[in-house]
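Structure first, then comments.
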Amino acid sequence: MHGTAHVKFILSKQKTSLNKLHGNEVIDATNKGDQSNMGNCIRAVLRKFRRKPRNEKNIVILFVGLDGAGKSLILNRIVGDLEQNVVPTMGFRTISLKHKSCNVKVYDLGGSPQIRSIWPRYYNDVHGLVYVVDASDTSRLTENRIILGDLISHENVSGKPLLLLANKQDLDGALDELDLVENLDVERVANEMRCPTRVETCSCFYAMTKSQKSTEGIINGYKWLLNTIMKNYQTLNSQVKSEPPIRNGFSVRSITSSPTPSKTESMNSDPFKPIHSLLKQNKLSGSSNCVKNGTNGKIIPLRRLLATCTNKTTPMPIEDRAEEPDLALQRTDCDSTIFQVAENNRQETVILNPLKLKPGVTNTRPFTAPDNFSRIKTEVTIPTIQDQR
Amino acid sequence: MYHYLWSLLFWYFRPLIKWFLHRTTQMCELQRICYGEPAGARRILAVEESLRNSRNPDIKTLVLYLDGVSDRREITTKSERGILEEAIRTVLVAKKINPVAHPDFAKSFGKCVELIWGYRQLCIHVEELRRTAYDADNAEHELMLLKLWNLLMPHEPLEGRVTKQWQDIGFQGDDPKTDFRGMGILGLENLVYFAQEFPNAAKHVLLHSIHPRYGYAFAIVGINLTSMALRLLRDGSAKTHVYNAVKTLPTVRVFHQFYCYLMYEFDRLWIESKPSNMMEFSTIQEKFENSIRILLNNPKTVFRVNISVDNV
């Protein structure tokens, strides 16, 4: 509370100073003949002032995937470049984009086996990742699974949002997202490493009939990724900035700590688990969540996560699903029928912490925590929260 | 703003200057260029500019006609003579030049026309090759791929069509066909030409590419350089080289040679800059492209692959 009041005060202060400057500008313009020069000068000063309060965010996104998955072409689609001819990316290329008030920098890494060993050097600097899979090439699924598993379980990647694109849907025999998730074992690794993940199908080549739909996946996924990053910007950014040794300790702890966290930890430390969303989720979980039959019944966190997952995969915010009713509708027809059986069991496995259910507790949640994550907290604590408060 | 002013001035004053020069020298602009400028890129570029800026209706139709012919790739060694004679006749009539008094003009102007529209035709041809995707069912393509292997690795037989061995010469996976995306058969033709015509240079470059510290993917870099060569060709920067390098109708061979030069020089720059890993490719490639563009800005530039491979 104190913090927010303070911030407001600063903002209002700056506003008044801006107003003053505006006043000055008017006077200068009328008094002096040399308008343009003076105007430029003042505009520059104004811009400087305006920049500060907005506090522009710099987001770095990494595009990875096997060679020939279509990373560069997808990126071209995002940029709006219609160039269809991309050569295999040697090394990487950087592209700077704007999203709302953020500067987005995208690293498009080459996927050839020779340079995959260099990928990890970039993991530390990124806020989110895009993994592109050639869904039509079933022969490389094993390779994909290994690479993706390595990627997600890398200490510098865990916890960062991941967008999985099932590319090349225009080709015959392309896997859809459900098959892909199953084949790549995404749920297990993503849950273990607490990576918010979303799967989208897409295609870069326009078939005549579904030209809109094919690129929709790219754009939706990209927006989701950026929104997720922006909501968790502080957490992710501190992760980016902090030195590897710290995270080393953190990752070790995540493995050793018990699956049922202590009270204090569960209340204060997890930015991914706002309490009101848990309440909401409890209400909702019985109704219409579509769940995949988890093969691995022993892992409770997986089931819990599945409880909140939508037709896409893992930790999708519940609010998001409401925003995309059409997408949800498209899938639920098959999902609900197949997976309804699992629902009852899942319900029981959710361990309710009475503390979390108290509505009053909500205030103790760190205000930096995103209120979008309905994922149930399992074991990991994010040490950086303490610094932020 | 300045650009607009300049084009306005250019539009009104150019005819005036031209008229004045015509009066004083008793020669039209094309003649002055053909006599004044040294043969090669400078003359041809100037002639090209003059023809494109011409407001004479006959010359305008001639330019349009030649554009159409070259876009359809109809300039061949057979049809070439007729087309050139037609072009020369049109200019002689339009500019009222006496062919008996100016025998050299017809000759040098013909050469210019040949190269200008030959270049245009070359672009179309190369573009067509690029658009031809590598087809694993096409025996011709497959043979060319095997030829590339045999040229680069003569002492090592290929174990199979799909094998990890392809990575030895710098393809990404175990089947090279996907790597030709974007550049199609052009990328392969470039590589084959390089390995065939400059075997020593190719081996030298390949050896560098498997350097334990400064190594890179030979074939992938080759395809990336094909893309760069094509870029230079498309935006007309490569005109300087082509106009200087050939004396007859430019064929795809010129492009291949240009490519070989790029490949060889890039390798040298790469080894010289001692990159820490392959991720530096994009920066080095950018640097390389800039230096090539600077060189091409000089109308005297002509690239020749001077093979100075020391056999150590």
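Each residue's number is its place along the chain shown, starting with 1.
The backbone N, Cα and C atoms fix where each Cβ goes, glycine too.
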Statement: Among A:Gly110, A:Gly111, A:Gly128, TrEMBL assigns to the GTP site of A:Gly65, A:Leu66, A:Asp67, A:Gly68, A:Ala69, A:Gly70, A:Lys71, A:Ser72, A:Asn167, A:Lys168, A:Gln169, A:Asp170 just A:Gly111
Task: Name the binding-site residues, out of A:Gly65, A:Asp67, A:Ala69, A:Lys71, A:Ser72, A:Lys168, that lie close to chain B, meaning a Cβ-Cβ distance under 8 Å, keeping sequence order and answering 'none' if none do.
output: A:Asp67
Field: Close in space, distant in sequence - A:Gly65 (GTP binding site), Cβ under 8 Å, 6 or more apart
entry: A:Lys71, A:Gly111, A:Val130, A:Tyr131, A:Val132, A:Val133, A:Asp134
- request: In whole Å, note down how far the CA of A:Thr89 (Mg(2+) binding site) lies from the CA of A:Asp67 (GTP binding site).
  value: 8
Message: Within 10 Å of its Cβ, which one of these binding-site residues (A:Asp67, A:Asp170) has the largest number of other Cβ atoms?
response: A:Asp67
Query: If you skip the near sequence neighbours and keep only those at least six away, which residues in the chain come within under 8 angstroms of A:Thr89 (Mg(2+) binding site), Cβ to Cβ?
result: A:Lys71, A:Ser72, A:Asp108, A:Leu109, A:Gly110, A:Gly111
- prompt: For A:Ser72 (Mg(2+) binding site), what is the tally of other C-beta atoms lying within 10 angstroms of its C-beta?
  reply: 25
